[in-house]
Amino acid sequence: MTSHSRRRPRRWRPSLTTWLAASCALTGIVLLSYTPAASWLSQYQQSRLIDTYNDSLRREGQTTGNETGRAEAGEALADARAYNEKLRSGAILAPNTNVPRSAGETAGNEYHELLKGPAEVMARIRIPGIDVDLPVYHGTSDLTLLRGAGHLQGTSLPVGGESTHSVITAHRGLAEATMFTNLDRMRAGDTFTIEVMGEVLVYEVRQTQVVAPEEQEALYPQEGRDLLTLVTCTPLGVNTHRILVTGERVIPTPQEEVDKALRDSDLPRFPWWLFLSGGGVVTVIGYLWLAGRRDARLHQAAIAAGTEKMEEPAGSETTDTPGDEHPAAGHEETIVDNRENPTQDEDSTGGRDDGEPAGQADNLEG
């Protein structure tokens, strides 16, 4: 019995090609899943910040009838409106940068102390049409815009009021967060909402436009109007221009929007992408299992074929075919018999050497 026959055959033995194919497929699934997974996690973290902000406002009673809490909120809003009175010029969008940013942004000044809420959140912006629910922070630094939306310093604080124009910016096209990626889908008539210190401000889109970074006229306050503009970069990955989505405040505020104040965020949505990615992984595992069993069968078949070839020459030397025993000896016996009976062939043809004279004698006699 050979060593191959004693060894128990393996039922699963993926080949190198099978491993490479499965590895490539899994790598592709991971790469395709990264963006939706990272975006989902980013929105989850931002929603938790919003919930923390709302919980803090509720505890302080700023929207539940607590006189002390309402007084503090009213004072914060009054300070913000007083700040807006000082602003009558537009903001500057820095050219050739990835995000809009204000000039002369500094930390630790009066601006950063206004509307300062829990976790440094200034406000909350909701855009139902494109599934945006983000915390709003002071300023537009790179670090700030990685955390959520930023208020452009030098523009009106987002508390409303006549002849005010607030600007809120956010990234677009990040692999790890959605933010304002779909801002270009907004159209005139769409609405978005700002929640600040328990107050709700609803804006209806009046205009969308694409401008160069140095074009700042569209961000100037307009007499008698309460405006808020959402800004992000375009085209994706190039960022040479800015998308401006300008809304005008809806007065009075719709009651259904007031009822939504301080509600927890309903984003992110259910992660359907997780099922797609999981299905892909299960498919690859199934392929790897079936292909491994197939490769194992092919491997065993190759071993068996090689064993037969190794054993075939030895068997042919020890096996005699019936009727072929000592063929040379039989041939030799035939030769000997012919030599012992030299006249056998001649008798069979009817010719004899000693018969020829007799035949000739008969002819002479005749």
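Residue 1 is the first one shown; counting continues down the chain.
Quick reminder: no glycine exception, Cβ is built from N, Cα and C everywhere.
Values in this document were obtained by computation on a predicted structure and should not be read as measured data.
Per TrEMBL, the feature active site, proton donor/acceptor maps to HIS171. Using a 10 Å Cβ-Cβ cutoff, HIS171 (active site, proton donor/acceptor) registers 22 neighbours.
What TrEMBL records for CYS233 is active site, acyl-thioester intermediate. Around CYS233 (active site, acyl-thioester intermediate), taking its Cβ as the centre, 25 other Cβ atoms fall within 10 Å, counting all chains. Mapped onto three states, the DSSP output places CYS233 (active site, acyl-thioester intermediate) in strand.
Sequence annotations record features per position, and here TrEMBL assigns compositional bias 'Basic and acidic residues' to 323-342.
If you look up TrEMBL, you'll see 305-366 marked as region 'Disordered'.
What TrEMBL lists as transmembrane segment is 270-290.
When Cβ-Cβ distances below 8 Å are used as the criterion, the transmembrane segment (270-290) is approached by residues 12, 14, 18-19, 21-22, 25-26, 29, 32-33, 36-37, 40 of the same chain, each at least six residues removed from its ends.
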